[in-house]
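Each remark here refers to the structure printed beneath this line.
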Amino acid sequence: MADTMHAGDGQTRRDFIYLAGAAMGGVGAAAALWPFIHSLNPAADTLALATIEVDLAPIQPGQAIKAMWRGKPVFIRNRTQEEIDTARAVPTAELIDPQPDQARVKEGKDNWLVLVGVCTHLGCIPLGTSSGESKGDFGGWFCPCHGSHYDTSGRIRKGPAPLNLPVPEYAFLTDTRVKIG
Amino acid sequence: MAHAPQSNFENPVVNWIDQRLPIFTMMNKEYGSFPTPRNFNYFWNFGALAMFVLVTMIVSGIFLAMHYTNNTAMAFDSVERIMRDVNWGWMIRYIHANGASMFFIVVYIHIFRGIYYGSYKAPRELIWIFGVIILLLMMGTAFMGYVLPWGQMSFWGATVITNLFSAIPVVGESIVTLLWGGFSVDNPTLNRFFALHYLLPFVLLAVVVLHVAALHIAGSNNPLGIEPKGPQDTLPFHPYYTTKDIFGLTIFLIFFASFVFFAPNMLGHPDNYIPADPLVTPAHIVPEWYFLPFYAILRSITFSIGLPFTDVVLIDAKLGGVLAMFGSIAILFVLPWLDNSPVRSARFRPIFRWWVLLCLVPSFFMLGYAGGKPAEQPYVLIGQLGTVMYFAFFLLLPIIGRIEKPLPLPASIANPVLGGNAATAK
């Protein structure tokens, strides 16, 4: 390919056209790629199911239930006063993932503990929600996969999990009804 | 290894790889310096365009498959979910649906190019045969893909096309049952069609590799139909034809995008937005436009063929139609031997040229027109006339080759004998 224009300065009109053309093509390819990538993200109907409402009325003190939210279990526990006191008696500094119990519940609804029930180690579902299941050494939850123990605030106390069970975004619609998500 | 190839690439990583597997040397040889006739016109863009559409169909199809549900109870709704809920799903589906039409437009023009300029003649017969196999694979893939949305046209198209095989004497009904996996088009049929619709494009891709590999042995034909005689007759593929292909691709993408974004259902059929109902056949059932010419051939055989003056029927109308339809593709396989003229390009073949333009091309459009109309007069007659013209085109080629007096061929691509300019030689 012989260049006929401006060959002297080493920068030719052809170089410019070549680079501009390649850049334009690159932008076009990236723009064409994005819809395909984005199609793998959650679809509108999946997002529409991202919020659930749960009726708390049937849950007696000391009981817990599992609700399905975004394909994962949510633990909702109606804690007894003793369980609340146990959780709050622990010095925060002793915890693996320090967080006071008060920060994990809604003010004035201290008995209601709402957690995403997925072990923060490798994603198993900890035991302890249904009656008869092992609640672990700290009266909360126990993950059978690799032996993580959670307390009555859902905080990690012993075992390989690095973090407390996360509290999802939720709000009380009435005294006996919560909206999760 | 018998020998270590010499690689002289500036980039040391490229060089390192090339010494071990000379893919860069090969790419440069086949797509960089590859000597290509210098006189291509825009008809020579369509092979590259077909390759582009194939890749587009495979990519968009794989993304659709990630959202599609392959079950008669859920298929239609899953397609509607793609249209309404999946991010950009409407665009991916419209690319795929219109991409099928684009594929046929491009390939039909590509085939026309091959016929008009005699690209199927020695030494390129095998390239042509691979091409016909690709066409058959395309048709099978497109048909099965159209069934997947499980709309009314999907269902009844599948029913009609699979029933073609019932025309085969003795074993026909058993074959149809085997195709269906049951006693009608139903969930087993949908399942196997989806599996095959996913498989066949990759088989097609493999045949495309053979098609292109064989092409790179013989080299491309060109509008003059004479072989390049030296470097003065050729140009390196890059940058001359890469640039020309990119330009053609840009124009084609505008055409393609105008359907996807402004008329996405123009080439489709509204009845396919009605969920499949095995109890109701749509009043007017037609295949997609790209099958209409062949569908018209199928419907043109309205008579049985028997021994004259007796009641003995050798081939009934049903079997006759099926044979004619498959025959219309099968005859392409023997085209290189039906056409016995040593001259390739229609530019130098005064009879053949008009035989293509006034017999083959009109027959294709007549058949396409008649195929889209109801099976009544005058459409049946138009279809029958088209069928006769279509087959006559091929079957009379040996005679044309014998009686035709070709025009003198230019001495070379660079120095044609006529007018001194290869590009305008007629």
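From the backbone N, Cα and C atoms, a Cβ is placed for every residue, glycine too.
Over in TrEMBL, the protein carries these features:
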type	residues	note
BINDING	B:HIS96, B:HIS197	heme b b562 binding site
DOMAIN	B:13-224	domain 'Cytochrome b/b6 N-terminal region profile'
DOMAIN	B:227-411	domain 'Cytochrome b/b6 C-terminal region profile'
TRANSMEM	B:42-68	transmembrane segment
TRANSMEM	B:88-114	transmembrane segment
TRANSMEM	B:126-148	transmembrane segment
TRANSMEM	B:160-183	transmembrane segment
TRANSMEM	B:195-218	transmembrane segment
TRANSMEM	B:246-268	transmembrane segment
TRANSMEM	B:289-307	transmembrane segment
TRANSMEM	B:319-339	transmembrane segment
TRANSMEM	B:351-372	transmembrane segment
TRANSMEM	B:378-400	transmembrane segment
Distant-in-sequence neighbours of the transmembrane segment (B:126-148), which means Cβ under 8 A and at least six residues beyond its ends: 61, 68, 70, 75, 79, 96, 100, 103-104, 107, 110-111, 114, 119-120, 154-155, 157-158, 161, 185, 189-190, 193-194, 196-197, 200-201, 203-204, 207-208, 210-211, 214-215, 218, 272, 287-288, 290-291, 329, 332-333, 335-336
Taking 3+ C-beta pairs under 8 angstroms (sequence gap of 6 or more) as contact, is the transmembrane segment (B:88-114) in contact with the transmembrane segment (B:195-218)? no
Report, as numbers and ranges, which residues of the same chain sit near the transmembrane segment (B:246-268): CB under 8 Å and 6 or more residues beyond its ends. 42, 45, 48-49, 52, 91, 94-95, 97-99, 101-102, 106, 288-289
Touch test for the transmembrane segment (B:160-183) and the transmembrane segment (B:378-400), at least 3 Cβ pairs under 8 Å: no
